[in-house]
Amino acid sequence: MITQTLIRALDRKALFVVALLLFIAVAVPVSNLYLPEGHPLRVPDHFVPLFGKYLTYAMLALALDLVWGYCGILSLGHGAFFALGGYAMGMYLMRQIGDRGVYANPVLPDFMVFLNWKELPWFWHGFDMFWFAALMVVAVPGLLAFVFGWLAFRSRVTGVYLSIISQAMTYALLLAFFRNDMGFGGNNGLTDFKDILGTPIQSGTTRAVLFAASAIALALAFLVCSAIVRSKLGKVLVAVRDAESRTRFLGYRVDNYKLFAFTASAIIAGIAGALYVPQVGIINPGEFAPANSIEIVIWTAVGGRGTLIGPIIGAVLVNAGKSWFTGVLPEFWLFALGGLFVAVTILLPKGIVGAFTGGWSALKARRASARAEEGTNLSGDLKTSPAE
Amino acid sequence: MGRQETLLYLDGVSVSFDGFKAINNLSLIVGHNELQAIIGPNGAGKTTMMDIITGKTRPDEGDVYFSGTVDLTKLDEAAIAELGIGRKFQKPTVFESHTIRDNLELALKKPRDVFSAWFYQPDDKDTARIDEILDMVRLTARAQELAANLSHGQKQWLEIGMLLAQDPQLLLVDEPVAGMTDAETVETAKLLKDIATTRSVVVVEHDMSFIRDLAARVTVLAEGSVLAQGSLDHVSADPRVIESYLGR
């Protein structure tokens, strides 16, 4: 039963995406580590964490696509789940610093010593163990999404109202994490990481492994999403998006379906955040900023929502554009981003992938009808010139 | 007929919205395998009545029982649908971005929980049932097309097909022939009469010739309660019905 569902998830397009991601997962680290400096095919050192970051953003956009593209829930707070996953990883990395911090306290992170705290707050316990932190990366965003979704969907909060409260949620978390006495490092956040799983976080090998992990995680997330949307479950999600009350009157508990999609999406976003933090070396409350969550929506829209592949392309393209643009014309980036969103909404309402597949299927339909016409012409043995 | 023998039993049901009594002391009975037509002027409370039966609206007072024993006022839409009440909306509502076959597959009576849906595989029996329904609503040739491409009348038929796939005991059908040609209307009447041999069907409609084709018991609603009941000839002779509905 489960294998069948997985096999169905792997149609040709999905197989191509997964194969490509796995290829990248191997090729980029190998080229970076084993090719000599200056080789034309060598991926430069600084590109490895940069591309790795793009991959985690792609995973975040994929997560949003599951709820927005397929279930019609426009979450403007998905950055919160990403950031929470990131904080869980950041807490593990902080505990790994040990006595190598500025204040050389073997247990307390520097910011706690600075704040004159005498012992570790209860919620920091356990984060010295990787498995516990990894569990929290999944559990904290998942639980928040579950509680938030349970309250919102059961009360039938939909549409723009849901978008607004999701935005309020991430804003509330932003304000909370800014406070020093929350115990998450206040506005400086968590940084100065040294080790991950016993290896130095700045080393080329670690970075290459983190890159490979991001690519593989993205491939797995893509597979899971693909298995969801290509099953009857996915069809129900689309049904909820297009005609919610019809779905309800067919006997489906719409709230449970939304809750499932929302929670699954938050977990994927959390894992993406956990992979993001060791590659950029910092997590701070800025990640909860509503603007970040809105950017995710733009990546997804640019790539094409409801396609799974589109958001991955959108996230990578927009962020590569951002890296280039902020280098050349830093003060104009936000204008460019806004302009891009307007342009995509007007010119490519289905995004890059949507426009591409739309054009392709229109072409196929034209070809098919042309063939059909030829067929009738041949059978009737008529010689007609094409009516162009 | 006592409550136990009925399929649907409404007694003294009232509901008001902002002081306006949409349904006023309405009592109505639907028997097993009965075809019943409901007519009435706009604002008579026909759609509100369906909302109450399907759990969308809670009545302020009164009893609503299914199969004589199940209190529908305590259940929500999904539970009532699973119990065996299917509803066709006034405006045909199908899943436009799904194929016609997928529309029926979604409606097919199967476990409705998330994980059953995730790992669902149609078996031969399901496929056969869908084929049968496709045939019944004459959409076999278009099964793989998107529902969005159907004409208004065909969407109505698809929605009736979805209702059948749900395998309900009671079908509530709101204006099934709106937007249909005369020939399609006649076919629809035949289809609904067929369905009513094994299930109960309640049809809300304005089209008098269609009601005549149905040859069913007619209930006239006006201002939220039953004005008259009986054969079409009987109710159309009723002076109150003529005054409140037919005469206009």
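Glycine residues also receive a Cβ, built from the backbone N, Cα and C atoms like all the rest.
Pulled from TrEMBL, these are the features on record:
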TRANSMEM  A:14-35  transmembrane segment
TRANSMEM  A:55-88  transmembrane segment
TRANSMEM  A:100-117  transmembrane segment
TRANSMEM  A:129-153  transmembrane segment
TRANSMEM  A:160-178  transmembrane segment
TRANSMEM  A:208-229  transmembrane segment
TRANSMEM  A:256-276  transmembrane segment
TRANSMEM  A:296-320  transmembrane segment
TRANSMEM  A:332-353  transmembrane segment
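Using a Cβ-Cβ cut-off under 8 Å and counting only residues 6 or more beyond its ends in the same chain, the transmembrane segment (A:100-117) has close neighbours at 94, 180-181, 183, 185-186, 188, 190, 192, 194. Note on the transmembrane segment (A:160-178): residues 73-80, 83-84, 87, 148, 152, 184, 186-187, 189, 284-286, 288-290, 293 of its chain, located 6 or more positions outside it, place their CB under 8 angstroms from a CB of the stretch.
Sequence-distant residue pairs (6 or more apart) of the transmembrane segment (A:55-88) and the transmembrane segment (A:14-35) include fewer than 3 whose Cβ atoms are under 8 Å, leaving the two stretches without contact. A contact links the transmembrane segment (A:129-153) to the transmembrane segment (A:256-276), because at least 3 Cβ pairs that are 6 or more residues apart lie under 8 A. Residues 13-14, 17, 53-55, 57-58, 60-62, 64-65, 68-70, 74, 76, 78-79, 218, 222, 225-226, 229, 238, 337, 340-341, 344-345, 348, 350-355, 357 of the same chain, all 6+ positions outside the transmembrane segment (A:296-320), place their C-beta atoms under 8 angstroms from a C-beta of that stretch.
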